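Chemist: I am attaching a structure below and will ask some questions about it afterwards.
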Amino acid sequence: MAAPLVLVVLVAVTLRAALYRSSLAAFISERVEVASPLSAWKRVVEGLALLDLGVSPYSGAIFHETPLIIYLFHFLIEYAELVFMITDVLTAVALYLAIQDYNKVVFKKQKLLIELDKYAPDVAELIRTPMEMHYIPLKVALFYLLNPYTVMSCVAKSTCAINNTVIAFFILATIKGSAFLSAVFLALATYQSLYPVTLFAPALLYLLQRQFIPIKPKSKSFWLYTMQYAALYLCSLVVIICLSFFLLNSWDFIPSVYGFILSVPDLTPNIGLFWYFFAEMFEHFSLFFVCVFQINVFFYTIPLAVKLKEHPVFFMFVQLAIISIFKSYPTVGDVALYMAFLPVWSHLYRFLRNIFILSCVLIVCSLLFPVLWHLWIYAGSANSNFYYAITLTFNIGQILLISDYFYAFLRREYYLTHGLHLTRQDGTEAMLVLK
């Protein structure tokens, strides 16, 4: 399996290197779908220029990345293109290794449940085989490295690529069962973009399963392990934030990074839901609706944790999708990360209801983004309503896609325990409905 992975990596690196040298690089780096006010490379360059002049990069209203990012590129600015290509490769390799381990865990769990007669007798066709699961890690790496969204993020040198790498290593550490590394990488991901704090719940649930600790609120071992993991996470986060303070000798980065993410002052158009809504809103209503919009990312964590407590990796996938849809400054790089997991759930395809239509919606929206932007900004024959309409359609498509996968996952789990051929009490065929 190593040889195909190396081949995929070589193709991906060659493609990125060719695009860096083409005239498309400048065009892609200016696209609002690829670079947000948080992750745009030109803003990082602006911050570096201020730092070189001995001025705090947060003294203006341009730079909103974290101190560790600016100091990373302070030393590696000459090799920026190489850094972004390496981060993409590291992300793909981390996801490859993570899914490889996850498949082993899934197969062992499935074998145990079969031996314990936990599955219905007529569900043999739903049982996953080693041959079926063999190429899934390679497909995940392929889906990430050759996804046009990932390629464009890399070519635009969007710092979203670095955030994805940190999250990928967090997933790898979690699936490997390393609580310490999982907490450190989760703290680093939270430090980078705040919203990954919601991944604490699926990581904890997975680690509890690895330790064979029952997920019961009355269990002392449950609370002890939870407190240990939370302490590791919080201590790591405090250390990273304190390191940032020592680098800058200032706390200016906290309002400039996290205040900026939460208050959404920059209404530059992007593929998110915030910008148009707040551009049209009266100022005295904005605080209330910012809170309403921001709570969406965090609101679903608890109900999902209750429903998917036995399936934390699927929970993690859904949570990554929720973050990419509802965060304040999303880019296509965020979408690429959760889409890389779609091959992991290939066994759900038979239960998906609208996969073809939703795939077409997402592809068409992706193609229409630059068209409607040109009509609005350059041709003057359209307005912001057109661009926001396609943004809204794109996000609705993502929401319906994740809902479809969620429905398919729950449906398969129900069939495994109750059988494929459901009947009513009177003997007639029954239909499964998700409520």
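The backbone N, Cα and C atoms fix where each Cβ goes, glycine too.
TrEMBL feature annotations, pasted as is:
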{"type": "SIGNAL", "residues": "1-25", "note": "signal peptide"}
{"type": "TRANSMEM", "residues": "68-99", "note": "transmembrane segment"}
{"type": "TRANSMEM", "residues": "166-187", "note": "transmembrane segment"}
{"type": "TRANSMEM", "residues": "193-209", "note": "transmembrane segment"}
{"type": "TRANSMEM", "residues": "230-251", "note": "transmembrane segment"}
{"type": "TRANSMEM", "residues": "257-278", "note": "transmembrane segment"}
{"type": "TRANSMEM", "residues": "285-306", "note": "transmembrane segment"}
{"type": "TRANSMEM", "residues": "351-373", "note": "transmembrane segment"}
{"type": "TRANSMEM", "residues": "385-407", "note": "transmembrane segment"}
Chemist: Which residues, given as numbers and ranges, are at least 6 beyond the ends of the signal peptide (1-25) yet have a Cβ under 8 Å from it?
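Modeler: Answer is 81, 84-85, 88-89, 92-93, 96, 134, 137-138, 141-142, 145-146, 151, 154-156.
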Chemist: The transmembrane segment (230-251) and the transmembrane segment (68-99): do they have three or more Cβ pairs under 8 Å, with pairs 6 or more apart in sequence?
Modeler: yes
Chemist: For the transmembrane segment (193-209), name the stretch out of 230-251, 257-278, 351-373, 385-407 with the most CB-CB pairs under 8 Å.
Modeler: 257-278
